[in-house]
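As given in TrEMBL:
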- 63-252: domain 'ABC transmembrane type-1' (DOMAIN)
- 12-33: transmembrane segment (TRANSMEM)
- 59-88: transmembrane segment (TRANSMEM)
- 100-121: transmembrane segment (TRANSMEM)
- 133-153: transmembrane segment (TRANSMEM)
- 174-197: transmembrane segment (TRANSMEM)
- 234-251: transmembrane segment (TRANSMEM)
Amino acid sequence: MRSQANPRLMLMILSAVFAFLYIPISVLFALSFNEGGLPTAWTGFSVKWYGELFRNKEIIGAALNTLIVAVVSTLLATMLGTLLAIGVEIRRRKGRFLETIIFAPMIIPDIVLAIALLSFFSMLNVTMGLHTVIVSHVVFNLAFVCSVVRARLKTFDWSIVEASADLGASTPITLWRVVIPVMLPAVIAGALLAFTLSVDEFIIAFFTAGAGRDSITLPMQIFAMIRFGVTPEINALATIVMTLSVIALALSQRLNRGGLPGQ
């Protein structure tokens, strides 16, 4: 009886946890197709609110800003994070302190990191804008990219690097033609994770974007709209952002576990 009760109890707890997590998301998704203007009362199926999004210039502007920030910060964080991961792994014994510094943003609360970045930019008299958001997201995403790539490097056969050097290849050639191709699935997975985090990030962008509308991102736009009440248009926008984030995160997990097709 006891052995049968434990699996049932665990199943009930697991079901309750998943219900708590996914029922609100399911309601949000369903109400984004609500024909009526009320955010909670279902009146019929319609996709008109998705059409309204593409006619809203403020949302389109925020979406473009988000795309610019996400793409640029992802490229920079991926390049720097990959190089840092290689450097830390090569100097594993001597790189403990460096490793701690790199991974610190992963455990520091977002609000603390946002205030620190705001203070840093203010100390340098830097005008806030989209460029400061990009730099802040690079700092934020660097540790995540580095951790994903390092996980791949732990199973890397460094003897092929030595073989490449014995054959006369220079360090840059070895890095580009030997190390990077082997790590490519992890690099892409880290980039997709960084892109997802950048698209969803609100607190750091809120503190470092400045006062103008030219640097407002989608999460900031959603926050500005939701202060006046939840509408089906907000539900539709949140559904699109959530769907894109889930797709990118799923691809990241797939690449990180299984690698690229054919590998």
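Just so you know, glycine gets a Cβ as well, placed from its N, Cα and C.
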Remote residues contacting the transmembrane segment (100-121) - C-beta distance under 8 A, at least 6 residues beyond either end: 84, 88, 128, 132, 135-136, 139-140, 142-144, 146-147, 201, 203-204, 206-208
Long-range Cβ neighbours of the transmembrane segment (174-197) (under 8 Å; 6 or more residues past either end): 70-71, 73-75, 77-78, 81-82, 86, 137, 140-141, 144-149, 151-153, 156, 160-161, 164-165, 245, 248-249, 251-253, 255-256, 258-260, 263
Non-local residues, at least 6 beyond the ends, that sit with Cβ under 8 Å of the transmembrane segment (12-33): 39-40, 42, 45-47, 49-50, 232, 235-236, 238-239, 242
